[in-house]
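Undergrad: Dumping the structure here so I can ask a few things about it.
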Amino acid sequence: MSHWAPEWKRAEANPRDLGASWDVRGSRGSGWSGPFGHQGPRAAGSREPPLCFKIKNNMVGVVIGYSGSKIKDLQHSTNTKIQIINGESEAKVRIFGNREMKAKAKAAIETLIRKQESYNSESSVDNAASQTPIGRNLGRNDIVGEAEPLSNWDRIRAAVVECEKRKWADLPPVKKNFYIESKATSCMSEMQVINWRKENFNITCDDLKSGEKRLIPKPTCRFKDAFQQYPDLLKSIIRVGIVKPTPIQSQAWPIILQGIDLIVVAQTGTGKTLSYLMPGFIHLDSQPISREQRNGPGMLVLTPTRELALHVEAECSKYSYKGLKSICIYGGRNRNGQIEDISKGVDIIIATPGRLNDLQMNNSVNLRSITYLVIDEADKMLDMEFEPQIRKILLDVRPDRQTVMTSATWPDTVRQLALSYLKDPMIVYVGNLNLVAVNTVKQNIIVTTEKEKRALTQEFVENMSPNDKVIMFVSQKHIADDLSSDFNIQGISAESLHGNSEQSDQERAVEDFKSGNIKILITTDIVSRGLDLNDVTHVYNYDFPRNIDVYVHRVGYIGRTGKTGTSVTLITQRDSKMAGELIKILDRANQSVPEDLVVMAEQYKLNQQKRHRETRSRKPGQRRKEFYFLS
């Protein structure tokens, strides 16, 4: 019986059983599975028969690794599922997935085995005879150290690189550079470019490529400067009625049109969507092969929420460039209907990671033809823990694609994501990469208690003017529903919007808010990203968010494209850990800081220092004293 992982419970072989098998996929299904364990393994391409071959029983541990580490890494890197079933002298290996990934996993396993066999042949026979056999005739207290063979990682890496080359060898080349600088743009002096960027929200650009830096393209201040070679796109822009590009669009377009990967860091409402969509249209229509020959979508836009996905799809439909077809894929809609829509042929897929990953794993969508990738609102993606799904999705997207990433903030986690998925990118950001709330918004901070929140909110609502439109942020769904009910009972028009709301109810609430039928929209952060609301006068933070990035994003709903407005934020003792960060944000935006907030921040700092001293003075192993009072 197998003995490579002693920390798992062993099972005796039963002639009636199919055999013990190692069956791991990510963090689920790990451990032993027999005939009553995992039924019907699933993986990408699981409709295809598994790739089966045999290995010697003494090589099973080499493939599994300590605590299953190697087999888990293999499955993660190849997007496959691997089963190993013990036999009398040989173990049967079954690999589930698509054809390329199965071959890649088999090649990696064979490399591991060759490396181990080479190591064994070089080992001394005397040394081998003197060692206690692992897993045999051991007492309960026996401890045996197993020599870890030297890994020939260069050979493994070379095998993986070769497999990757074979995987993408049949795909046509990608054309990326379509930019021709206009005469007006080329005539801009260096000082004019510097002044333009400073006057337009202090836009900053940088080249993140290592080594010799490239020249940052000059901004295209007019639509015709960016798209003079594409009259059909200019006609669509004129038809929609946009007068001039936003600053972020002016700077992003010449970079993307040159085929350079780009990171855009800017708040919601700065025109990020069109900054990547319009170059994407040109990219799709200008590839060496026709759309019919492409055999799949050419552009993929990943968004964290269905609201943002619907907004992006609406923008695609609005400009309708050369008949490009787009589809929106997200959870909550009919899955079979989405599969049917994809099968009819699409050029652009706008999707949330969860639903797209589901369709990908069941071979319902072909992503090999994607040459233009957008990761929209990357910071929100990470907040919602979508990174594992993103990694799996990108296993099936060609590595020589062009990639654009947008984010409202620039924390270390987003930087790491950018390093993983973008190649030699440039970055364009508004203002400073440190968190800064827009200075066109008057930020009012009220230090209060949980009990006083309702009364303060009621007072605020009663003092609203007829033209005011308020987004009210809360932390929980039931609070949104309770507040909405209370306001409507009083004859105050309000709607709640959260993750449990039906899609039709969400769309109706947003439309009612835009049209002015309701004046107060009460929402949670999870659905707020992607809401296309341009005439908000007030943001009311009933509950303070979990991190300061979200606060900046909330306030940004008012300050879109330089508009002015007011935010009101209630902060209580339970939010005291955020007080110091909030003060920094207020200082950077030249806002007044309430004395109560300063006191809260100082008190929290003192409490933390006291707790730290107590922890350091405590003896090792000594627990903090607990006191219990009996009534």
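Cβ coordinates are placed from backbone N, Cα and C, and glycine is handled just like the others.
Feature annotation from Swiss-Prot assigns ATP binding site to Lys244, Gln249, Thr268, Gly269, Thr270, Gly271, Lys272, Thr273, His311. Per Swiss-Prot, domain 'KH' is recorded for 48-109, and the stated evidence type is sequence analysis. The domain 'Helicase ATP-binding' annotation in Swiss-Prot covers 253-428. Positions annotated as domain 'Helicase C-terminal' by Swiss-Prot, on the basis of sequence analysis: 440-601. Residues or ranges marked as motif 'Q motif' by Swiss-Prot: 222-250. Taken from Swiss-Prot, the feature motif 'DEAD box' applies to 376-379.
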Undergrad: Determine the C-alpha span of the ATP site listed in the record, that is the greatest distance between any two of Lys244, Gln249, Thr268, Gly269, Thr270, Gly271, Lys272, Thr273, His311, in Å to the nearest whole number.
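TA: Overall maximum Cα spacing for these binding residues reaches 20 Å.
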Undergrad: What same-chain residues, at least 6 away in sequence, bring their CB to under 8 Å of the CB of Lys244 (ATP binding site)?
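TA: The list for Lys244 (ATP binding site) reads Cys221, Arg222, Phe223, given in order along the sequence.
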Undergrad: Give me the DSSP three-state residue breakdown of the motif 'DEAD box' (376-379), ordered helix, strand, coil.
TA: 2 helix, 0 strand, 2 coil
Undergrad: Can you count the other CB atoms that lie within 10 A of the CB of His311 (ATP binding site)?
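TA: Result for His311 (ATP binding site): 21 neighbouring Cβ atoms inside 10 Å.
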Undergrad: Need the DSSP three-state call for His311 (ATP binding site) to compare against my parser.
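TA: Looking at the DSSP assignment, His311 (ATP binding site) belongs to a helix.
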Undergrad: Provide the number of Cβ atoms within 10 Å of the Cβ of Thr268 (ATP binding site), excluding the reference atom itself.
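TA: So the Cβ neighbour count for Thr268 (ATP binding site) comes to 23.
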Undergrad: When you measure from the Cβ of Lys272 (ATP binding site), how many other Cβ atoms are you left with inside 10 Å?
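TA: For Lys272 (ATP binding site), the count of other Cβ atoms within 10 Å is 24.
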Undergrad: Which secondary structure state does DSSP assign to Lys272 (ATP binding site), in the simple three-class scheme?
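TA: Reduced to three states, the DSSP call for Lys272 (ATP binding site) is helix.
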Undergrad: Averaged over the whole of the domain 'Helicase ATP-binding' (253-428), what is the pLDDT?
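TA: Across the domain 'Helicase ATP-binding' (253-428), the average pLDDT comes out at 93.
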Undergrad: In the domain 'KH' (48-109), how many residues does DSSP call helix, how many strand, and how many coil?
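TA: The breakdown for the domain 'KH' (48-109) reads 32 helix, 18 strand, 12 coil.
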Undergrad: Across all chains shown, how many C-beta atoms besides its own are within 10 angstroms of the C-beta of Thr270 (ATP binding site)?
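TA: Neighbour count, Cβ to Cβ under the 10 Å cut-off: 25.
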Undergrad: What counts of helix, strand and coil residues does DSSP assign across the motif 'Q motif' (222-250)?
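TA: Secondary-structure breakdown of the motif 'Q motif' (222-250): 19 helix, 0 strand, 10 coil.
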